[in-house]
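K.L.:
Let me give you the structure first, and then I'll get to my questions.
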Amino acid sequence: MEDVLAEKLSRVCKFDLPFIPCSIPFECHPDFTRISKDTDAWALRMLSITDPYERKKALQGRHSLYSPMIIPRGESSKAELSSKHTWTMFVLDDIAENFSEQEGKKAIDILLEVAEGSYVLSEKEKEKHPSHAMFEEVMSSFRSLMDPPLFARYMNCLRNYLDSVVEEASLRIAKSIPSLEKYRLLRRETSFMEADGGIMCEFCMDLKLHKSVVESPDFVAFVKAVIDHVVLVNDLLSFRHELKIKCFHNYLCVIFCHSPDNTSFQETVDKVCEMIQEAEAEILQLQQKLIKLGEETGDKDLVEYATWYPCVASGNLRWSYVTGRYHGLDNPLLNGEPFQGTWFLHPEATLILPLGSKCGNHPFITI
């Protein structure tokens, strides 16, 4: 199935990317500059990155900015820890993409024990797997700073994430493209956004949500709607990079694969953009319901959560426009603002020209 999809995609050299509106407010954490600088310094030190190219690649990925861009409120020290956590998970996620099923299961056992504090890495292990050392340091802080119920929820998310990453890796090895519904469920877990977004929002803002609230249907749907918005945006704006590395587990690829043969790739792009808007509408609807519930029951923490959690979606959207992880290094397009236009699928960088453009004389285009 993957080979057939790859052949269809080989004929796609460009598509039109429309403006993606978002009515959810966007703002960074007030201390984002310091948090980003300190987190980057920590990650470079932990990973022993000294090579100039690898350093540039790490810094232009903007990993340290992700958490301050999606969680604009909260205690600075906790926001920095959340940023370190996100940096760590980016590294672990990249490594996990190449796991065999056996390697994945072994890594799951180690990481879960490290997270629980029942296994301490040796110096030799830290040297061999610096990402595990990063993870161990962050988890130690979480265990001491998170309330036990919140940490228990985090651990549940972690187990689901690790299991889903291994499952997805096995599908990729088998060159199997899942159904849209299967992919939706799998992607919610492999994104790890319930933890990176929802739980970190509670943690940074020191919110105490009752078990009956977090298990209520509206709250669960609210969390999922934000996750869906995040992964749809990420799959759309990372498509060039995913195509380059031949990773076909992506909303665009899955929808295109299972669409009728006469469906154009542009129709697939338009469908994903439509799904992003549907997710935003659901977020806003559920936000109002939960704010109203919080006000009626006197649950101030629920009101705070419902007010700020949607910023995960708007912050992720903005971050997805500025990361070199998706768009290539030293790309002048990444000026902090959203972009739209005809996207030429150059392997090294995102290239956008006004809608309807042909390749022309753009200095990067060799298609």
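Backbone N, Cα and C atoms are what each Cβ position is placed from, and that goes for glycine too.
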K.L.:
According to Swiss-Prot, motif 'DDXXE motif' applies to one of these ranges: 63-67, 93-97, 193-197, 353-357. Which one is it?
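P.N.:
Based on what Swiss-Prot states, motif 'DDXXE motif' spans 93-97.
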K.L.:
Averaged over the motif 'DDXXE motif' (93-97), what pLDDT does the predicted model reach?
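P.N.:
Taking every residue in the motif 'DDXXE motif' (93-97) and averaging pLDDT yields 82.
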K.L.:
Under DSSP, is S238 (Mg(2+) 3 binding site) part of a helix or a strand, or is it coil?
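P.N.:
The three-state answer is coil.
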K.L.:
What residue among the binding-site residues N234, S238 has the most other CB atoms lying within 10 A of its CB?
P.N.:
N234
K.L.:
Work out how many Å separate N234 (Mg(2+) 3 binding site) and D93 (Mg(2+) 2 binding site) at their Cα atoms, rounded off.
P.N.:
14
K.L.:
In which DSSP state, out of helix, strand and coil, do we find D93 (Mg(2+) 2 binding site)?
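P.N.:
The three-state answer is helix.
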